[in-house]
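Here is the structure we will look at.
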Ligand SMILES: O=c1ccn([C@H]2C[C@H](O)[C@@H](CO)O2)c(=O)[nH]1
Ligand SMILES: [Zn+2]
């Protein structure tokens, strides 16, 4: 869904923009910011944290999830995600899988640098996956 964002959505997107300023991205130059809202209402921000050993890079979304869980919150309402590129930044497969662990019904707000907003559900971006709520169900019979 694309279009106008409500005030609460804009507020979360602004928090992601603030977090983006703290990105550590000397290798890709691609700075990403995330803001994850828990059901408590509290917001956990994240940025990408790159490394000279490239594969050790942590995406903004997973930074936010790790902060939240380590502070005692495990259920989430929405995630806002912003980047530097022309279009929207979509979460990578690894981050979708990690978010699905805690928030299968998460709402994902994407905003580009011009301020356009698009909304997706996590299930739209990752319709089927290995997770707590289905790992004992689908044995094929
Ligand atoms: O959803 C995304 C996509 C990319 N990145 C980061 C990883 C890497 O540091 C840089 C370039 O891929 O952007 C994120 O943090 N989140
Ligand atoms: Zn990722």
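Glycine is no exception: its Cβ is also placed from the backbone N, Cα and C atoms.
It should be emphasised that the depicted structure is a prediction, and the values quoted were computed from it without experimental measurement.
Noted in TrEMBL for the protein shown:
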DOMAIN    7-133  domain 'CMP/dCMP-type deaminase'
BINDING   48, 49, 50, 51, 52, 53, 54  substrate binding site
BINDING   59, 92, 95  Zn(2+) binding site
ACT_SITE  61  active site, proton donor
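All features noted in TrEMBL, drawn onto the structure.
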residue: 48; record: substrate binding site; DSSP (3 states): coil
residue: 54; record: substrate binding site; DSSP (3 states): helix
residue: 59; record: Zn(2+) binding site; DSSP (3 states): coil
residue: 92; record: Zn(2+) binding site; DSSP (3 states): coil
Candidates 53, 54, 61 (recorded positions) with Cα within 10 Å of residue 95 (Zn(2+) binding site): 61
Binding-site residues whose CB lies under 6 angstroms from ligand 2, from 49, 54, 59, 92, 95: 59, 92, 95
For residue 49 (substrate binding site), the number of other Cβ atoms found within 10 Å of its own Cβ: 16
Which listed residue (50, 61) has most other Cβ within 10 Å, given these are recorded positions: 61
Binding-site residues close to ligand 1 - of 48, 49, 50, 51, 53, 92, only those whose C-beta is under 6 Å away: 48, 50, 92
52, 95 as binding-site residues, winner by CB count within 10 A: 95
Of the recorded positions listed as 59, 61, 92, the one whose CA lies nearest the CA of residue 52 (substrate binding site): 59
Binding-site residues compared (48, 51, 53) - the one with the fewest other Cβ atoms within 10 Å: 53
Secondary structure content of the domain 'CMP/dCMP-type deaminase' (7-133), with strand meaning DSSP E or B: 42 helix, 31 strand, 54 coil
Nearest of the recorded positions (59, 61, 92) to residue 53 (substrate binding site) - Cα to Cα: 59
